[in-house]
Amino acid sequence: MSVIGLIGAMDEEVAVIKAWMTDVREQTIAGCDFFVGRFEGKDVVLLKSGIGKVNAAVSTTLLLSQFEPEYVINIGSAGGFDPELQVGDVVISDQVVHHDVDVTGFGYLMGQVPNMPATYAADETLVAEAKAALQKVTQVQAKVGLIGTGDSFMNDPVRVEAVRALFPELVAVEMEAAAVAQVCFKFGTPFVVVRSLSDIAGKESPQSFEEYLKVAAENSSLMIQQMLKGN
């Protein structure tokens, strides 16, 4: 049986899709909440991973080992880095990077975990499906590009500019995607990140995040709905 894995970090990021699912069965493993059911005619496992890279890595490992999904979509909110994007707009990964990893002293690239790729490539078919879904979610614009992950909420303008200097091509940042991508890489499971902006990094981010998290979660969920409808 083919299953699709959907991963969001927080209650707010998984609530919309959870409400749309049918025949839902909840299972908790090691503190990670899995919601198994049907969505848009597909068998899905919706995972609430918890916030941050360690939580994301642990829960994604459990998802892949216990449920063996065909592919994984990382959903939820992000902080915008691309100046053309606004709160509520969508970002789709073509690559994902750990923006806070630095082992350059041993010859690795900035963001590269030793013996891992410098960036993690999203599955091209899933990226194309996300772009196609965008045509049906008309209230947002989107960018496809590099998404950066770090264990910090990016509300400090100085830190934002430091990260931007290292990765000028970043379209958005968040706190889980590279961990999800790294685990998917090790398992050989295709993935893509489809998130919506809850804030613009460095610009009153905490206030914007609280206010627009629901909007971001809804827009991200609408994208996933259209992706699954198209399959």
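Glycine is no exception: its Cβ is also placed from the backbone N, Cα and C atoms.
Proximity of Glu13 (active site, proton acceptor) to non-local residues of its own chain (separation of 6 or more, Cβ distance below 8 Å) is seen for Lys48, Ile75, Gly76, Ser77, Leu213, Ala217, Ser220, given in sequence order. Sequence annotations record features per position, and here Swiss-Prot assigns active site, proton acceptor to Glu13 based on sequence analysis.
Annotation comment: Swiss-Prot describes Asp199 as active site, proton donor. In this structure, Asp199 (active site, proton donor) is part of a beta strand by DSSP.
Within 10 Å of the C-beta of Met154 (substrate binding site) there are 25 other C-beta atoms, taking all protein chains into account. Taken from Swiss-Prot, the feature substrate binding site applies to Gly79, Met154, Met175, Glu176, supported by sequence analysis.
Here substrate is bound by Gly79, Met154, Met175, Glu176 per the record. The longest Cα to Cα distance in that group is 13 Å.
Here the C-alpha separation of Glu176 (substrate binding site) and Asp199 (active site, proton donor) works out to 16 Å. A separation of roughly 5 Å, to the nearest angstrom, links the Cα atoms of Gly79 (substrate binding site) and Asp199 (active site, proton donor).
Between the listed recorded positions, namely Glu176, Asp199, the fewest other CB atoms within 10 angstroms of a CB are found at Asp199.
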